[in-house]
Amino acid sequence: MKPLVALVGRPNVGKSTLFNRITHQKSAIVDSTPGVTRDRHIMPAEWIGKEFLVMDTGGYCHDSDGISKAMLEQTLTAIGEADVIIFLVDVRSGLTYLDLDMAKLLKRDFNDKPVYFAVNKVESPQLAYEGESFRKTGFTEPWFISARDGSGVADLLDAVVDSFEEKSGQEEEDDSIRLAIIGRPNVGKSSFVNALLGTNRNIVSNKPGTTRDAIDTRFKRNGREIVLIDTAGLRKRARIDAGIEFYSSLRTERAIERCDVALVLIDAEQGLEKQDMKIIEMAAERKKGVLLLVNKWDLIEKDSKTSKLYSDRMYDDMGNLGWIPIQFISAMTKKNLYRAIDAALDIQEQRSQQITTSDLNRFLQDTLLQAPPSSKSGKELKIKYMTQIRAPWPVFAFFCNDPKLLQNNYKRFLEKRIRQNYNLSGVPFSLRFMQK
């Protein structure tokens, strides 16, 4: 698994700005108000050919309000889960008691992890001189950087990636299919895994996963080796509910990063909730296969029309994620558990298929004959041919006279046609339009 680098420090020292620079994102909210990054963000990053994950956290502080307590717990959780820590301070505001507390905490409780002490907002030689006072933290080799301008960040990242262990959880290169069991707390993830594997006689091995206390279980189904990434069973160390929720979310994000297909469990009695949608969207945005499993279906009073009505209601709520298949299961009665695994295997098979260019262009010509694109500003979009680009998920490239002439409704039309024609249910894919 990719190493995890956590950015920690008190509020408003520039963690989100550094996060955005490292990941080339603009997703984290950057504001001058202390503590504005209320939640965490995890994004993939790459430096000199080495891939890793970066986590942006809320600020470390001691205020008595609930948000600050939650942010403190999230910071401690992030430090515990991280492989490498970048500890940020602000040269302009000087050394504070919170900085000293964090330094003491890192040296006392997390001295087994690489910690890079970064003095941020150093935009002039004078500020670099003032930054020398930060050696009082006990970190005698500070890195002087400007996350805003980028100065010093490259040298810092060189050191960070050099610290990654050669075997820092790199996934074994094999042909196994990785399925992540994810969902909100108490939707039945543990019951699902126990019911699925409790009577399975083809288990190859159980071994500790790379996410600390998670268990990766290998088993075979119809001749295919499967790695089940289980995110159930939170550790009992979190001191407050917010910490438990944060830890759950962290494990979910890391499981999604590792998997081929995400099996998202929801509670049939509770229905599709906002947090369920966030988890589904997270998997879809990462271009993972997605299968929605409605657990505890045995508790629902039903007739022959119930599942259809239930599905229709969920698809209404899911909006443009209506391409995700739904299955009804019961971990308690073991109903449809292996059917769900088979569906996930089918999704991965479709996700990894490579369609020939000749087949794609026959499809394209038929599509253009039936429904050619409309003109825009008096100009006509002419799509010449298409091909599939090799990637972990399907990526289709269209070569045309001017990509700016493409209208959103026609792009959605092509997406729908491709999904139907190539049976991409549960499979996110990308369309790219290039000028030629």
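Don't overthink the numbers, they just go from 1 along the chain as shown.
For all residues, glycine too, the Cβ spot is worked out from N, Cα and C.
Sequence annotations record features per position, and here Swiss-Prot assigns domain 'EngA-type G 1' to 3-168.
What Swiss-Prot records for 9-16, 56-60, 120-123 is GTP 1 binding site, and it gives sequence analysis as the kind of evidence.
According to Swiss-Prot, the feature domain 'EngA-type G 2' maps to 177-352. Summed and averaged per residue, pLDDT over the domain 'EngA-type G 2' (177-352) gives 83.
The GTP 2 binding site feature in Swiss-Prot is assigned to 183-190, 230-234, 295-298; the stated evidence is sequence analysis. DSSP gives G183 (GTP 2 binding site) a strand state.
Annotation comment: Swiss-Prot describes 353-436 as domain 'KH-like'.
With all protein chains in the displayed structure included, the most crowded Cβ environment within 10 Å among the binding-site residues N12, T57, T231 is that of T57. Cα of K15 (GTP 1 binding site) to Cα of G183 (GTP 2 binding site): a span of 28 Å.
Spacing of G9 (GTP 1 binding site) relative to T231 (GTP 2 binding site) is 27 Å (Cα to Cα, whole number).
Checking each of the binding-site residues N12, T57, V122 against K189 (GTP 2 binding site) by C-alpha distance, the shortest gap belongs to T57.
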